[in-house]
């Protein structure tokens, strides 16, 4: 196993692919942080699924040329975003309902087109499955360059508009009062999501690309309350997930890259969910137990002051006033005695 990994790492093409998926994961984590805080995680899901008919139409027009496939994915991603906005603005439907409608319609259209392509004479050679679930190991240097360029462009945009996006997300009215064009800033963020989905169609796949955008951001959110730190952590988690998924997929060529990347990010999420120092479940359980212990000690002190008599005659009355069971009452009584609350 180790020899297989070492031999793979010696491949120049794989090193380029690893670099590309690292940039892709990094950019996904950065953009995902803003998407998560804007509470539009499902919008990314809709864009990812809406890219499928765009990829299929791109294939029908130009074959397996990556620029055509990516252009189709980007166009349909933008159309899906526009459709969600129009339905939400001009109807009584809530945004999540509009997202579900657009996602279902576009994904259904994509499945129909994919079935038509698969049943065509050249369908078996289309290779569109690799764009659905991802197969980074099959990428050539030109594909990696295109993916990396888009990821770096999106990362640069996030760094450039960091202050503006932060204010627009948390206080859009104040941002508008400063004269900022909030609609333009929101559009740039939405365009960044579309570009990231487009960049990841071959490496991670259309279906699971939205998970790479959101999962690292959710995991990072458990570790910090500061947006800047969250963005950095999400980018690191995304980059690690992308590289790990690519390596495992390259070792076993039958495993698509996308699911492995998402599973890696999900494992990190569960570790964060359990062990993060403030927001983690384990920390919350320990904090709750500590609070319960303090509360019981306070109740024991109150009960002690409410009953008359000497220490020897107080215990039964104190236990009754406290309302605790024998074992728990004895522990609290010994704690009171140890700390000399009575002699």
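Here the Cβ of each residue, glycine as well, is placed from N, Cα and C on the backbone.
For 16-37 (among others), the entry in TrEMBL reads transmembrane segment. With a cut-off of 8 Å between Cβ atoms, the residues of this chain six or more beyond the transmembrane segment (16-37) that come close are 43-44, 136-137, 139, 141, 143-145, 147-148, 150-152, 154-155, 158, 165, 169-170, 189, 192-193, 196, 199-200, 203-204, 209, 212-218, 220-221, 227, 230-231, 233-243, 245-247, 250, 257, 261.
Per TrEMBL, the feature transmembrane segment maps to 68-87 (among others). Within the chain, the transmembrane segment (68-87) has long-range Cβ neighbours (under 8 A, six or more residues past its boundaries) at 43, 46-48, 50-59, 61-62, 93, 95, 98-99, 101-103, 106, 131, 146, 190-191, 193-195, 197-199, 201-202, 206.
Feature annotation from TrEMBL assigns transmembrane segment to 99-118 (among others).
Nonlocal intrachain contacts for the transmembrane segment (144-162), taken as residues 6+ away from its ends with a CB within less than 8 angstroms of a stretch CB, comprise 16-17, 19-20, 23-24, 26-28, 30-31, 34, 66-67, 70, 185, 188-189, 192, 195-196, 198-200, 202-203, 228, 231, 235. Residues or ranges marked as transmembrane segment in TrEMBL: 144-162 (among others).
What TrEMBL records for 188-215 (among others) is transmembrane segment.
When Cβ-Cβ distances below 8 Å are used as the criterion, the transmembrane segment (227-251) is approached by residues 1, 4-5, 8, 14, 17-18, 21-30, 32-33, 37, 134-137, 155, 158, 162, 166, 203-204, 212, 215-217, 219-221, 257-265, 268 of the same chain, each at least six residues removed from its ends. Per TrEMBL, transmembrane segment is recorded for 227-251 (among others).
Long-range neighbours of the transmembrane segment (257-276) within the same chain, counting only residues 6 or more positions beyond its ends whose Cβ lies under 8 Å from a Cβ of the stretch, are 21, 25, 133-137, 203-205, 207-209, 211-212, 215-216, 218-220, 222-223, 237-238, 240-242, 244-246, 248-249, 282-283. Taken from TrEMBL, the feature transmembrane segment covers 257-276 (among others).
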